[in-house]
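Read the structure below first, then the notes.
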Amino acid sequence: MAPKLRQRVSLPTKEETPAKKRNEQNSFKTSEKSKNDSKPSSSTTDHSSDTAFRLLIAARLIAAITSYISDCDETYNYWEPGHYLLYGTGQQTWEYSPEYALRSYTYLLIHMVPAKLYWYILSFFHAEPNPMHIFYFVRCVLSFVCTISEVYLYRNIGKEFGIHVARIALGFSLLSSGMYISSAAFLPSSFSMCFSTAAIAAWFGHKYELAIFYTAISSLLGWPFAALLGVPIAVDMLFRKRNWLTFFSWVIISAIVILGPMIYIDSMYYGKLTIAPLNLIMYNVFTDHGPDLYGTEPFSYYFMNGFLNFNFVFGWAMLTPALIILAHYFLPLEMRHPAQLPFWLSLAPLYLWFLVFFFQPHKEERFLFPVYPLICLHGAITIDVVQKLYFHAKSKAFNYAVSITNNYVKCTKYVMIFAIIICGFFGLSRTYALYNGYHAPMDIMAEVNKLGMSQNIPKDMEINFCVGKEWHRFPSSFFFPSNNWKLRYIKSEFKGQLPQAYAQHENATSMIQPHFNDKNKEEPSRYFDVEKCHFMMDLDVGRITKLEPNYSHKKGRFRILKSVKFLDNLKSDPVYRAFYIPYMTEENVAYGSYNLLQNNKYKFSEKKI
């Protein structure tokens, strides 16, 4: 992708000195060596891939253990139905009502089968499986799958663009907060990120059959809109390669292998013929209300979000085409090998995605997940081109008189090192800011799990665990110690539709429960009497309304069992809440208290946790 460096000056004339000729010959040899270095040998690539795997698996497992759930869609549309499949209890959203059938149970089963195997293994050794441990086990599996796809992309970036670009992309990916939050998320967009990454990697490696199959997995089992990333692959096969037979053969094979079982499984769970991906597309594209009911954002939303998650890498990724064009005029290009993709095609997936999603009124952070690895790749290409331009300019300025300028790596490595260090600093700063400011709900629920395992809580008693304004930060029923614990909603200022528990019936997935709608209208049937709550999770930031009183200060009704600090966005400086800077952040942000409360009417425990 980045232009190959070749001889930087025209052929010498008769008037040129022999010394200058020798300098240019040395430069030519150096640039030829640089070209050869960009195409790694198999042994070099294997060794480098092994190192990449070790670095990536460490980073992704850290994310699996420490990241919090930032999107309530992950909790209520995936973890909660997954909990139902494993334990028979959980929250159901309207998307899982057979009346609408927007979500796929096949997708859930793919994640819950490893969880069930883990459960069986522990049970075989007479160990009582803790649901919270299963939650983190599934996250670790997701991180492993993400790592495999990233290593596969790394190997094929090395083949298509050179090992130098691959290493820069690896550095950006390792330290970005975007990959931190997306790699272990139980979301179709994260699933599509992994398999679309694998599809593009296969495409770069000229494994067209795999590219089609991985794209089908990404778009059919994961997120239907991820098929957009397969459009450049289709263009390449149909119009450049004119390999129509292979393309349509593998499209049909993929549909039979993936969509066939998917329709069967989903139809079995919903009790009627169901094609969940089609239903999702119909709702989002062809209804008069669609996703805009859940909020709209300005055009600038993804630019801000991109900078927060990838800082300067995101900006560099946006500039890649411009830098390629600039390099075309200043750096004479080698003729590309016929097997290599043209620049406009290999760059296309990222910008095609941006072109479609940037103009949608309804924007979510997770909608960019599928192209997160591509942002790192494009940022790396930009840095690679900058290095080449810098080397060219310095060589011209010194007229090849200084020997160090003839060594491309020594001359330009500081550009790469500086880019990775500065972006790594901002990436780690952002990651720690997220953990430090917003991890409290996970900590509180971990204590709930521990509390439920104690001898003070009756094992045969139904425990009502209540959430009000903090319903959207509840991480999932996997943190409950047993099925006796039930999630309850108390009325707050939120006026949209809340989930409700799955019916206690063996065919609950095929039953149409009342009080569901597809217009995000409030359903009063969801609300629970606060007086009957045994425990509550609530945030105290000193702001109260009639519907959202400060339960933590109602000493006669509740007492605090556990309190963890939580960032108060409204009272905090925007820069310091976004990026953690030692000493300075603590002086410029404010925290509230995320509290686990116990109803004083129920004396389960006499001491604080």
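Positions of Cβ are set from backbone N, Cα and C atoms, glycine also.
Automatic, uncurated: that is what TrEMBL annotation is.
Quick look at what TrEMBL annotates:
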type	residues	note
REGION	1-48	region 'Disordered'
COMPBIAS	13-38	compositional bias 'Basic and acidic residues'
COMPBIAS	39-48	compositional bias 'Low complexity'
TRANSMEM	105-122	transmembrane segment
TRANSMEM	134-154	transmembrane segment
TRANSMEM	161-180	transmembrane segment
TRANSMEM	211-235	transmembrane segment
TRANSMEM	247-264	transmembrane segment
TRANSMEM	306-331	transmembrane segment
TRANSMEM	343-361	transmembrane segment
TRANSMEM	367-386	transmembrane segment
TRANSMEM	414-435	transmembrane segment
Contact between the transmembrane segment (211-235) and the transmembrane segment (161-180) (3 or more Cβ pairs under 8 Å, separation 6+): no
Proximity verdict for the transmembrane segment (161-180) and the transmembrane segment (343-361), three or more C-beta pairs under 8 Å: no
Long-range Cβ neighbours of the transmembrane segment (247-264) (under 8 Å; 6 or more residues past either end): 104, 106, 208-209, 212-213, 215-217, 220-221, 234, 237-238, 273-276
